[in-house]
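Taken from Swiss-Prot as is:
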| type | residues | note |
| --- | --- | --- |
| BINDING | Glu367 | [CaMn4O5] cluster binding site |
| MOD_RES | Thr15 | N-acetylthreonine |
| MOD_RES | Thr15 | phosphothreonine |
| TRANSMEM | 69-93 | transmembrane segment |
| TRANSMEM | 134-155 | transmembrane segment |
| TRANSMEM | 178-200 | transmembrane segment |
| TRANSMEM | 255-275 | transmembrane segment |
| TRANSMEM | 291-312 | transmembrane segment |
| TRANSMEM | 447-471 | transmembrane segment |
Amino acid sequence: MKTLYSPRRFYPVETLFNGTLTLAGRDQETTGFAWWAGNARLINLSGKLLGAHVAHAGLIVFWAGAMNLFEVAHFIPEKPMYEQGLILLPHLATLGWGVGPGGEIVDTFPYFVSGILHLISSAVLGFGGIYHALIGPETLEESFPFFGYAWKDRNKMTTILGIHLILLGAGAFLLVLKALFFGGIYDTWAPGGGDVRKITNLTLSPNTIFGFLLKSPFGGEGWIVSVDNLEDIIGGHFWLGSMCIFGGIWHILTKPFAWTRRAFVWSGEAYLSYSLAALSVFGFIACCFVWFNNTAYPSEFYGPTGPEASQAQAFTFLVRDQRLGASVGSAQGPTGLGKYLMRSPTGEIIFGGETMRFWDLRAPWLEPLRGPNGLDLSKLKKDIQPWQERRSAEYMTHAPLGSLNSVGGVATEINAVNFVSPRSWLATSHFVLGFFFFVGHLWHAGRARAAAAGFEKGIDRDLEPVLFMTPLN
């Protein structure tokens, strides 16, 4: 069987043993790709590729709706969300739906509505995907030139980029509108242990918003992950939405500059590699956000961060021993350092013991007990509220540890049911997916650059050594 190569496409060609297999009317002879190469068979069939993308969107939205309803069906209002293995309901609660003071879930109906809306949307997308994959025109260029494209048409590609940017900007503004006008969102820092509130004075200062980007990603700086109030988060979304929309309009109205035309590879596989790189960055950032940030991901719904659980343990035992008569300000531990309290390198009063490494943690249940120089001894003696004790005791036993199958989880319950925090799930999954997307970016970028240079012609099977070897039998 001859090795296929199309100069028009500069794409590698796969030659299989079952090269005669025809799937959906497209075989290896006509497309240059075997059935398992998936959407590569549709590179030049814009109508069919549209069907594949719409159907894929339908699958994503179907998962969201079905999983949403599954979590609603299993939800127990009396238990914290993070104890129930939920990953979708915490996001809805963070947006302020169904939540009361202290992060208590008072109404699950909005969650049910969310699931149903996603299921209905997925049906529409699924129908559209099947229609375009099986019935609609194979190519859009002739019948619907606005939706048609050629991969090498740089102007059309940047127009499509612009449309995508406008849609992303609109998405960012949806959060801004929800926070400002439509009921507000959940603020873990609201006095008394968190509540839903409208954001009235969002941060628009470019110095503050873009200052996050100039911070070091390490240590106490923490880059954008260090954001610790909703005003900055919503202000950031306002800036992001504005930049995406104006950038989208710019890309629709302009043509790429000469240096851009020279610098980039202009092919379908190149665009795939750029997209994978962007998604990889998103995945790594999301991983850091959900692991470290207890403002964007409130601990009431996602469980405490690692440092938070550690500090909660120190606080819980300080409360207990103080009640039993211990002098928490002066008691020494086995190393001669303070058992309950000590000083940080810069002089603040911090919790003693192993949790000293997390001395710069900020958490809503702990901040009211600080003074101008770290933890305030008089507040620790007189001002500790019952809700702070309850919350820290709960967080102490729900540290985000353990493997994802919970074999190495923390045995926090009397019946030895191991606990795995949603923070562990979400951080690990986004890190792993971010890594795989990065590898996919390298793979497709390499292939796209090779194809553009003209030397990616597939494997020449005529001289493959195995063809000249004696059969095994």
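Keep in mind that glycine also has a Cβ here, set from the backbone N, Cα and C atoms.
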When counting C-beta pairs under 8 angstroms to the transmembrane segment (255-275), the leading stretch of 69-93, 134-155, 291-312 is 134-155
What residues elsewhere in the chain lie close to the transmembrane segment (134-155), defined as a C-beta under 8 angstroms and at least 6 residues from its ends? 24, 43-48, 50-51, 255-256, 261, 266-268, 271
For the transmembrane segment (69-93), find every same-chain residue at least 6 residues outside the stretch whose CB is under 8 Å from a CB in it, and list them. 99, 103, 105, 108, 110-112, 114-116, 119, 186, 297-303, 394, 398, 419-423, 425-426
Would you mind pulling the DSSP three-state label for the residue listed as '[CaMn4O5] cluster binding site'? helix
